[in-house]
Ligand SMILES: [Zn+2]
């Protein structure tokens, strides 16, 4: 769930780059832990959120590494990124559909606890990025908005976990997994549209 990855990274200060890199690594760690737990307890919503962590990792890494690249290279990288984001987003939706077939509810307490853990990671990312939010940079503002939205997604997963404690059903997990998966698909589309919209002829410099 990241807005505006295709941003002029060249305007980022080295302090801002460090912050974005730390955020990238936090997202990678979140992805690995969450994907492991999702597989262990069979949760569609955690799997979708792990896909989101992966997507945010890729976007933040692109932001840091694309610094100084030519516009054409950055645009190409954005197309590749949009394609890469599609893979976890589609597999998250596939996982939700698979859960509809197997219909086994995830372990509710682990699901809720993992949602809280993921929320803490995303809150830290949002706080880190908030320091850059007023720098007048579209990138950092977009990244901050994305981290904030991810906290909201974690609240949805927590709600699914709590509901599952009282209503032993696979549906809360499946529904939240589908919601997060569809939002991630839209993010891939946004990256693609942005890359396409960035016409070199429209660029000022
Ligand atoms: Zn996200």
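The backbone N, Cα and C atoms fix where each Cβ goes, glycine too.
Residues or ranges marked as domain 'Cation efflux protein transmembrane' in TrEMBL: 20-192.
As annotated by TrEMBL, transmembrane segment applies to 20-41 (among others). Distant neighbours of the transmembrane segment (20-41): 12, 47, 49-51, 53-54, 56-57, 60-61, 63-64, 95, 106-107, 110-111, 114, 117-118, 121-122, 124-125, 128-129, 132, 140, 143, 147; these residues of the same chain sit at least 6 beyond its ends, with a Cβ under 8 Å from one of its Cβ atoms.
Residues or ranges marked as transmembrane segment by TrEMBL: 53-72 (among others).
Summarising the annotation, TrEMBL assigns transmembrane segment to 79-98 (among others).
Taking Cβ pairs closer than 8 Å, the transmembrane segment (110-130) reaches residues 19-20, 22-23, 26-27, 29-30, 33-34, 37, 40-41, 43, 45-46, 49, 53, 56, 140, 143-144, 147-148, 150-151, 154-155, 157-158, 160-162, 164-165, 173 in its own chain, all 6 or more past its ends. Residues or ranges marked as transmembrane segment in TrEMBL: 110-130 (among others).
The transmembrane segment annotation in TrEMBL covers 151-170 (among others).
Remote same-chain partners of the transmembrane segment (151-170), defined as residues 6 or more beyond its termini with a Cβ less than 8 Å from a stretch Cβ, comprise 1, 45-46, 49, 52, 99-100, 102-106, 108-109, 111-116, 118-119, 122-123, 126, 176, 179-180, 183.
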